[in-house]
Amino acid sequence: MLSQMSSSESEARHWPILLAGFVVNCLTYGAASAIGVFYIEWFAEFPESAALIGWLSSSLLTMLLCVSPLAGALTRYFGVRPVAMAGALLSFPGILIASFATDVYVLIITLPFMAGIGFGMSYTGVMVIISEYFHQHFALAVGIATTGTGVGTVVLPIFFGYLIDRYGWRGALLVFSAVQANACLCAAIMRSPPRKTKTGEDGKKEVTGNYGSIGERRGIQGGSPYSHLVEDKDEDDDKIVSSSQVNSDPCSEAKTAKRIITERLMTLLDRTGISLFWTNRVFVTFLIISITDAPIYGITLPYLTALAESVGVPELQATTLISIIGVSYIIACLISGQLVDARVAGPACMFGSAVALASGALVLFAATASYPVFAVCASTIGLAAGVYIPMTSVMVRRIVGQERYPGGIGVVMVIVATGNMASAFIGAVVSGLCAATVLGLHLLWTRLVPDDRWPTITTRSSNTEARNKGK
């Protein structure tokens, strides 16, 4: 009990980390979700590039998610603070340069490939630094930090709209670039925990810090965790070869170079989380969940307002639905983490229940034309997202462990981005499956298992025979 109390007090001292994470999430994920406010302005400025602008409004969030595995690997090579700082230093100049764009291709270069990549590096840094400092109350800490996303979703569209009305879209981006520069200050706070030296059971000194001990990272007897994949059968013979003999033997040099290259490649695959595909079967099954729940947000946020207006809901009321989702999201983030840390409910049960509620709300969206029902469904979506989004980080950490969490959460974010992109093509995919099914049935009943009851192109005589059969 005393150890738990001291652990709680120790974690409470790291509230500046949570505050920095909250602000960064608001300025990155929240901003990427709200950037669609500029769509109408860009379309009016560059009417000949409507298709590119339509892609641009969603590319920022997609790039943020897709760059996460690389950002997670970089945090393990260089630490969180340099990666988060590099992301901030890349994102705010990208937004600044975009404010002077005279061509849509400048926006494509500066927003997705500068601001989007910078957002991803900073956002991933937040998720990793929280996992380093908070252990007993990790779920609550993740919930508090991710409320920044909800705040950004609610506040930034209003903020952007005000700036656009007052200064135009260029002035709005210029002002926001200055606001975005505050992410540099937040990144400066994200210093990884100091490493400590301890003596292991075998008497060897180990350095512990960001991701456990070096002994743990290198595996048994200080080797790479993939050393068994690159071991040579003649390893014992190689040990007795002198350095001069190795340097003079071309075969030994080639063998050593091959071993080094292979081991470094395996280490890179480990740090980016890619190796989890063949080393952690539970994680692979969790990815199925991640790609199937992603369309909940991918379908709701972009199209909810337009759907409500199309069935007769007034424009002002329709625009409040996104704010309802954001407020509900914030409330659920703060509550769900406390329930998990207090062991009142398990993360998997909460995750599944939240997705089930969101699925029911999506069905009601398509069957109603009443604003009160829309509002209830929007709040349900927000509450569900405020549960299953933080629980994603909690479950990934429990499945892969702290050591491999940066790469694991990065892979999950890429899968979520895939689900978001897939949600935009669900209609086309369903239509394509329908077409393929019709063609398949046609081949089945006309070629493989002929059956006269399947409708085909018939001649006049065939039609006459069919009428005679009917008589």
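Cβ atoms are placed via backbone N, Cα and C, with glycine included.
Per TrEMBL, the features are:
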| type | residues | note |
| --- | --- | --- |
| TRANSMEM | 15-40 | transmembrane segment |
| DOMAIN | 17-471 | domain 'Major facilitator superfamily (MFS) profile' |
| TRANSMEM | 52-71 | transmembrane segment |
| TRANSMEM | 83-101 | transmembrane segment |
| TRANSMEM | 107-131 | transmembrane segment |
| TRANSMEM | 138-163 | transmembrane segment |
| TRANSMEM | 169-190 | transmembrane segment |
| REGION | 194-228 | region 'Disordered' |
| COMPBIAS | 198-207 | compositional bias 'Basic and acidic residues' |
| TRANSMEM | 282-304 | transmembrane segment |
| TRANSMEM | 316-336 | transmembrane segment |
| TRANSMEM | 348-367 | transmembrane segment |
| TRANSMEM | 373-391 | transmembrane segment |
| TRANSMEM | 412-445 | transmembrane segment |
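The transmembrane segment (15-40) makes no contact with the transmembrane segment (373-391): fewer than 3 of their CB pairs lie within 8 A, with pairs spaced 6 or more apart in sequence.
Note: the stretches the transmembrane segment (316-336) and the transmembrane segment (52-71) are not in contact (fewer than 3 CB pairs below 8 A, sequence gap of 6 or more). Contact between the transmembrane segment (169-190) and the transmembrane segment (107-131) is supported: at least 3 Cβ pairs lie under 8 Å, counting only residues 6 or more apart in sequence. Between the transmembrane segment (83-101) and the stretches 107-131, 138-163, 373-391, the greatest number of Cβ pairs separated by less than 8 Å involves 107-131. On the 0 to 100 pLDDT scale, the model's mean across the domain 'Major facilitator superfamily (MFS) profile' (17-471) is 78.
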